[in-house]
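Trainee: Sharing a structure below in structure tokens format, with a few things to ask.
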Ligand code: TRP
């Protein structure tokens, strides 16, 4: 029997940070390890285009994201790894699906809806700052997913609605033209904690509170020291629950280390000491990937080669599915 397909896209809209690693990269690489499914991971550069419209940044982010995945252990021999814009079949399917998608479904998509609500709150025209790429974003994502007959789509909670929309669109197609497209299922990592940023809020590029994943050792140490804490004195017992420092520590520590840190919290430990230990476990896990990351970025042709080979593999699957779909609609 064929293995199920697990597909996910990574949008290159900024420098990779710790939140990306813990929330997305790490669980996806874990999932790829057990080989029970065929992993398809791609850089969703066309999805980024609705917001990143600076040629240099657009290119740079794509390379950085690719280098991050490769240096953290993505094996391009096992996983199909490509750049979305290298697979034109996705765009062809995007159009076909657009014609099967009621506009109302897009009106309800959360990113667009949030923008419209923001405009209303600020007294702007409801379409201000909305391009068609933002509006039809979920259709492009449906094309990404459906072209590969994906079974599972590992995503963050904010992307669940998009996968549901992809299911709706697939269902529309199947009912209109006959069964051709598998209905995908989202997979969310329930267990992944919300990773706190420097200010204690969720680590996010939009809050400007991120820790770059590949900050050099000294810079990393400095940033960890900058994480906000309260003024509880060192000797006072502390709760691990709700402690951003503990949340971060736990992500990088081995289980016995985390247990012992919990004990230290109970006994009383100074925030400075906790930060020192966070830096140590983080640096232990990240120093080797960091070195590889900068090697990849110094050798972009190598990244190009890997992505091109991945695109060839992706296209060999995609073209078959597209052909079948085109036949069904009468092209
Ligand atoms: N929209 C996703 C995000 O912002 C990225 C993405 C694009 C994606 N295409 C996809 C995720 C297909 C899963 C499947 O994170």
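Quick reminder: no glycine exception, Cβ is built from N, Cα and C everywhere.
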Trainee: State the residue range annotated as motif ''HIGH' region' by TrEMBL; the candidates are 12-20, 21-29.
Mentor: 12-20
Trainee: Of the ranges 192-196, 197-201, 202-206, which one does TrEMBL list as motif ''KMSKS' region'?
Mentor: 202-206
Trainee: Is the motif ''KMSKS' region' (202-206) packed against any residues at least 6 beyond its ends, judged by a Cβ distance under 8 Å, and which are they?
Mentor: 13-14, 17-19, 194-196
Trainee: Anything from the binding-site residues 144, 157, 203, 205 with its Cβ under 6 A from ligand 1? List those in sequence order.
Mentor: 144
Trainee: For the motif ''KMSKS' region' (202-206), what is the mean per-residue pLDDT, to the nearest integer?
Mentor: 90
Trainee: CA-CA, which of the binding-site residues 11, 20, 203, 205 lies nearest residue 144 (L-tryptophan binding site)?
Mentor: 11
Trainee: What does DSSP say about residue 20 (ATP binding site): helix, strand or coil?
Mentor: helix
Trainee: Given the ATP binding site residues 11, 12, 13, 19, 20, 156, 157, 158, 195, 202, 203, 204, 205, 206 in the record, what is the largest Cα to Cα distance, rounded to whole Å?
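Mentor: 19 Å is the greatest Cα spacing among the residues binding ATP.
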